[in-house]
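Trainee: I have a structure here, written as structure tokens, and I will follow up with some questions on it.
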Amino acid sequence: MNKTAIALLALLASSASLAATPWQKITQPVPGSAQSIGSFSNGCIVGADTLPIQSEHYQVMRTDQRRYFGHPDLVMFIQRLSRQVSNLGMGTVLIGDMGMPAGGRFNGGHASHQTGLDVDIFLQLPKTRWTSAQLLRPQALDLVSRDGKHVVPTLWKPEIFSLIKLAAQDKDVTRIFVNPAIKQQLCLDAGTDRDWLRKVRPWFQHRAHMHVRLRCPADSLECEDQPLPPPGDGCGAELQSWFEPPKPGTTKPEKKTPPPLPPSCQALLDEHVI
């Protein structure tokens, strides 16, 4: 499937979810031992943790949306990464969407983030902490040129390279999605230490943030992991293909109905949503 078709599918998946979903009616984590269930784009979570809003190392954006829930592994990853960044004097980590209290489908903006193992992190590290007003209405910093072929040199900073590299080197991280132009710049800057680049995957948009995804926890037996990224640093022909014009004759895919929920997620909805 070519990249244009993939983009249209992603857009349709997002558009199909614009109507309110029953998952929004669950306002607190479902009690129980932490279990990520299903796939990243069709799943849920039992026993989610709440990311503490107050921290000296990070700040949480758009708290009014209440998307700061996730598997304990995700909460620990955020705390671990932000401590590393702080200890290196790089700035404050800005945390975007994680998941809803029980995971599940959003009413827009995300096709994934459903199992408590995904988090969006802004690609800027302010030295001065943001105000409450800034956090509620954050201003994204678009790092990619208008033509989409490279990063904006005046905006690309060594600490952003280091932030992505630190995240990719974390033992629990399986993928990081960034714009192809950002991946390209990482490839140029990486030098000889390149193993971590395998986890950094080019994807549509993601011009101002990275989307970090963790592996399925070993004790989440109903969690469905993605296949590992292809071997290598991903800096060759695969990356360059993202900068090629779409092939002629690309047709808009048919609108698809979301797949059935995993049985455990459907049972969770049946029990907790009237």
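Glycine is no exception: its Cβ is also placed from the backbone N, Cα and C atoms.
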Trainee: Could you tell me which of CYS187, CYS265 is bonded to CYS235 by a disulfide, according to Swiss-Prot?
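Mentor: Its disulfide partner, as Swiss-Prot records it, is CYS187.
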Trainee: Mind giving me a neighbour count for CYS216 (disulfide bond)? Other Cβ atoms within 10 Å of its Cβ, every protein chain shown.
Mentor: 21
Trainee: Express the distance between the Cα positions of HIS113 (Zn(2+) 1 binding site) and CYS187 (disulfide bond) as a whole number of Å.
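Mentor: Between the Cα atoms of HIS113 (Zn(2+) 1 binding site) and CYS187 (disulfide bond), the distance comes to 27 Å.
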Trainee: Could you tally the C-beta atoms, other than its own, that fall within 10 angstroms of the C-beta of CYS223 (disulfide bond)?
Mentor: 23
